[in-house]
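S.K.: Before we start, here is the structure in question, set down as structure tokens.
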């Protein structure tokens, strides 16, 4: 688990091979102020927007 200050970098792994996220609900709060249903969803957003969104906490924002 890599931390950047108080924020945690999501473990996205090899996202290019993944096209869908699991439906498990484990909300994480991103540095963009959005709540994501799980870490995979945040990774998907990172990849789509090419932004370095980190996790501020393992809960809703």
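Cβ coordinates come from backbone N, Cα and C, glycine included.
Features from Swiss-Prot:
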DISULFID  12-43  disulfide bond
DISULFID  21-40  disulfide bond
DISULFID  29-61  disulfide bond
DOMAIN    6-61  domain 'Kazal-like'
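I'm curious about the neighbourhood of these features; can you describe it?
M.R.: Under the DSSP three-state reduction, residue 12 (disulfide bond) is assigned to coil, being neither helix nor strand. Around the Cβ of residue 12 (disulfide bond), the same chain contributes 39, 40, 43, 46, 47, each under 8 angstroms and 6 or more positions distant in sequence.
Here the Cβ of residue 21 (disulfide bond) has 16 other Cβ atoms within 10 Å, regardless of which shown protein chain they belong to.
Reduced to three states, the DSSP call for residue 29 (disulfide bond) is strand. Sequence-distant contacts (6 or more apart, same chain, Cβ under 8 Å) of residue 29 (disulfide bond) comprise 35, 36, 55, 56, 57, 58, 59, 60, 61.
Across the domain 'Kazal-like' (6-61), the prediction's mean pLDDT works out to 90.
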S.K.: Least buried of the disulfide-bonded residues 40, 43, 61, going by other Cβ atoms within 10 Å?
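M.R.: If we count Cβ atoms within 10 Å for the disulfide-bonded residues 40, 43, 61, the smallest count is at 61.
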S.K.: DSSP on the domain 'Kazal-like' (6-61): how many residues come out helix, how many strand, how many coil?
M.R.: 14 helix, 10 strand, 32 coil
